[in-house]
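**Q** Questions regarding the structure given below will be posed in turn.
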C-alpha cells in the first residue's frame, strides 16, 4: 500500500489520525508535554522554523547560535531545555526557532517526529518550515562539503520509506520540497568558505553493515564488493549517507510540512570508513549546516548580519 503526501494550502500542520479527536488529553510522553498540562498554543503558536538534529548538545549550541544571530534579548547561554523532564530528547527555543534533538536512526527520529508534529498541530502553528541538520558520510565529495538533499532514498536507491503497520508494508513518499532546497542553495552561494551542493541522500538502518563499512564487529563482504556498491550509489545520484532522512521526509510530507535535510560530510566514504579528522576540525564541520540555516532564517525574517550579506535578497 502506498500513501501520498498531505500538503495543504492552509499552512496548518496536518495529523492524519481520527483517533486523536477522541482523546480527552494528548500526552506527548517523550517530550514531557501535554494538551492539559501545557498551553501549547501560547508556548509554540508563533513558531515558524523547526530545526532537528541528532545530538542534544549540538541542538543546544544551535539554539544559542540562533539567539545571537537573531539579536534576541538576554543571555544565549541561558536557553532552557523545554523537555527537561524527559531524558529522551532536548528542546530549545530562540524566538521563532525551535531546536530539537532526535537521537540516532529511524526509530528514534520517528518517535520524536510523531510527538513534534502533534505538538505543532495542537499549537495551531502555520507555515512551519522544518529542517534536519546533521552529519553524514559523503560519497565522492570533499570532507566538509554540505549536502542539501533533493531526494531521500533507501538502500536500494529508491525514493521510498517502508513502514510495517499491523503486519502490512506501507510505502510512503520521501519527496522533499524542491523550492526550499533551491532557496537554501541560493543562500549557500553567499557563504564561500565551504562547498555546498544538492544531491540524493541515502538513508540506512545501520551505521556499519548497512552502510558498507569494513570496520564493524560483523562484516561478511569484501572491500571490492563494498566499493562496487558505493559506486552504484554514486552513479544513482547519492552524495551522502545517513540514518534518518527517509523517515523524516515521509512523516513531514504526510503532515503538510515543508521540509529539508542539510548535512555536512565528515569524510568521503569512497576513501575510507573511519572518521579521523581532529576534534576541532569536526566541530567546525558541524557548524557549517548551522551557519547555512541561520543565513536562511535571517533572510526569511528580513534580517541581515551587520557588514555582510549571507543570502541574496528576494
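Every residue, even glycine, has its Cβ placed from backbone N, Cα and C.
Checked TrEMBL, it gives:
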BINDING   88, 132, 133, 134, 135  phosphate binding site
BINDING   211, 213  substrate binding site
DOMAIN    48-298  domain 'Nucleoside phosphorylase'
**Q** Rounding to the nearest whole angstrom, report the longest C-alpha distance spanning 88, 132, 133, 134, 135, listed for phosphate.
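**A** Among the residues the record ties to phosphate, max Cα distance equals 20 Å.
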**Q** Restricting to the same chain and to sequence separations of six or more, state which residues have a Cβ under 8 Å from that of residue 132 (phosphate binding site).
**A** 51, 52, 53, 102, 244, 245, 248, 259, 260, 261, 262, 263
**Q** What are the sequence-distant neighbours of residue 134 (phosphate binding site), meaning same chain, six or more residues apart, C-beta distance under 8 angstroms?
**A** 53, 54, 242, 244, 261, 262, 263, 264, 289
**Q** Over all shown protein chains, what is the count of other CB atoms within 10 A of the CB belonging to residue 213 (substrate binding site)?
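**A** Looking across every protein chain shown, the total is 17.
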**Q** In whole Å, how far is residue 211 (substrate binding site) from residue 135 (phosphate binding site) when you measure between their Cα atoms?
**A** 14
